[in-house]
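As given in TrEMBL:
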type    : residues                                                       : note
DOMAIN  : 210-501                                                        : domain 'UvrD-like helicase ATP-binding'
BINDING : GLY231, PRO232, ALA233, GLY234, THR235, GLY236, LYS237, THR238 : ATP binding site
Amino acid sequence: MTSSNDREILRRRGEQMLADTIGELAGRSRNVYTALLMAGRQRWRLLLHRTQPAPAGRCDALLIGQGGVLALNVVDELPGEAEVRRLRAHAEQLFTGVVIGPNRNEFVRETVELVFVLPPGRSAGVDGRFVVCTDTTVHQLAGRRSVMPARLGGELAEHTARRNSDYRPIPQLVPEPEPVEVAGLLEVESLHTDHLAGALAKPFPTWTAFLDPAQNALVSRNYNGPARIVGPAGTGKTVLALHRMAHRARRSTGPLLFTTLVKNLPPCQESAFARLLPDAAGRATFTNLHSWAQEFLSGRGIRRVMELPRTETAFNLAWMHVGRPGPLVAIESDRRYWREEIDRVIKGRGLPATEAGFDEYAAVDRRGRRVGLRTSQRRHVWALYEEYESIRSERQCFDGNDIISAALDALRTEPLDRPYAMVVVDEVQDMTVQSVRLVHALTGGEPNSLLFVGDRQQQIYAGGWRFADAGINIVGRSERLTRNYRNRRAILKLAASLPGARPVEDAETHEPQAIDLTDSVLPDGYAEHWVCTRAEVGDQVRSQLDRIVAEGISLSDTAIITITNAEAEYLLGLLRRWGLPAQHLVDYRCAEQDTGVKVGTVYRAKGLDFRAVIHPCTEPAPPTTEAERERYELTMRQQFVAVTRARDYVWLGIVRD
Ligand SMILES: Nc1ncnc2c1ncn2[C@@H]1O[C@H](COP(=O)(O)OP(=O)(O)OP(=O)(O)O)[C@@H](O)[C@H]1O
């Protein structure tokens, strides 16, 4: 504990250091900097511009440490837009091309936060574009959440002082202790276990402040229309999208939306974004698109609730009335194939159950669907669709497509009063054409306001489309990342050998998309590929869990990923019987309190990563029809997605009976 006498001694020492380095300072500046020296002591370095206050367009001080880089300005009033722009541009300029991160990654200059320190008692609306505090609250800056390891914060400060003679470092009030944390990714190469980094603590998520040059170059690239980031699993597409969203948040005042298809991914990305830009977190909504649409419709007085079990019943009835007794069974007897046709090809494109709707369907390019259909055969599908729609309307129940289309209609009738400054759409490969139209309608068409992120190789829903189908042009605005930051080499090698890793063609550019082993960043890892019977699955899972714990990986960092819900329920039951902590992936929100093994289907694991993954996968019988081949390929892609969720350890159990 520090007594008031100790504090006074520290304060005087701080003032003396300031005077020795910069000369006598005016009262307010001296107090602000002394407060920061005292609060930041070991975690931050303070650099002051050699003239105080600094000339126009230059920041007065730089505070550099674990919490990032803060460009400080001690002011009486908030400056105008133009001066804010100049200050930001210069502060970012100071950090251009700084290569000190792990794997020779670059510091992301766009993460430099502008801070304005106002006189005591003054308040200003905060919207996340910059940070505002007062002389009396400035010390709280030192409590900001860490975005880089202490060692890198120190190196960045030294590098900045060496490079810019205008900014002079003030000695630390208390010398920094030797850092103890595992700072960089490459340090894991010094591992002594034969295959696995299990004994290591989780490495610091350095992506918050350092990116590889390919990612870094795209954080602030200007796009005059909708843009897209593609790349194989684990190449940091989402990380880059979050940085772009933070960048946009600092330069706009409108709301921001991060959306995708599944429910549990957005809360995870929300906490990642809050690390990047805590002060703008309130402006950004993270939610799945169906929830967004339902809430939006209810705001417009339109009640639409998605009820999947009731719509499933409606479809089953339609199948009994029209499908099973009709000619479709001879083309393909699995009713799921026809449900997907209606969901993904017909309703997913917003085709109404009218004659004009049929004309469009007759001409549609049914991308990704293996069973070819002549016009006369499409007539039979259409009859099933009409029956489904008639039963569904009569019962007043709505499927996911109804919600999306209703929201799109409402927006077309009356656009948003305040369009989103930016919408990020993750896992876009699994969306429908209507969903893509919907997110497009949420932005006012401003440059840099719409970003799609996806990877065709990870598509696990049937069908396919091109952006042109939704009336969107991304030509010249599609970027590709290739370095894998998630999977250790052994895992990447196993993933690349799976049938689901077969290269797929990018529908936009016609280029092949596939993971490439040469692009792996993380060495080592453990990957086991095992064939067992259904009866052996429980024992196998148990022994893998024991092994994971023995390797030093926490059960909370472990996921059991299944293909079906029934398998997930079965394994959850087993874990509970063994007295092991477990949680359904459906409820996982990447929160501190989410403890225990996560168990769920690939649909729920998309976009996430875990240190260890156990994936029991029942091998489908070799396909004999085109529909079976399509389903087989989707299952194999699910297997591929499950394996690529693992960072350090993966066990793939091929279940054969
Ligand atoms: N430059 C980087 N340095 C360190 N770690 C990184 C970097 N970029 C991404 N990562 C980490 O790599 C992992 C994968 O990143 P991310 O989820 O953004 O990849 P993705 O391409 O969206 O993956 P997927 O398509 O498989 O969902 C995450 O754990 C992320 O924190």
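In case you wondered, yes, glycine gets a Cβ from its N, Cα and C as well.
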Binding-site residues close to ligand 1 - of PRO232, GLY236, THR238, only those whose C-beta is under 6 Å away: GLY236, THR238
Additional residues surrounding ATP, by Cβ distance to the GLY231, PRO232, ALA233, GLY234, THR235, GLY236, LYS237, THR238 centre under 8 Å: ASP455, LEU481, ASN484, TYR485, ARG486
Among THR235, THR238, which are binding-site residues, the residue with the most C-beta atoms within 10 angstroms of its C-beta: THR235
Assigned conformation of LYS237 (ATP binding site) - DSSP reduced to three states: helix
Among GLY231, PRO232, GLY234, the one of these binding-site residues whose Cβ has the fewest neighbouring Cβ atoms within 10 Å: GLY231
Which of ALA233, LYS237, all binding-site residues, has a Cβ with the fewest other Cβ atoms inside 10 Å: ALA233
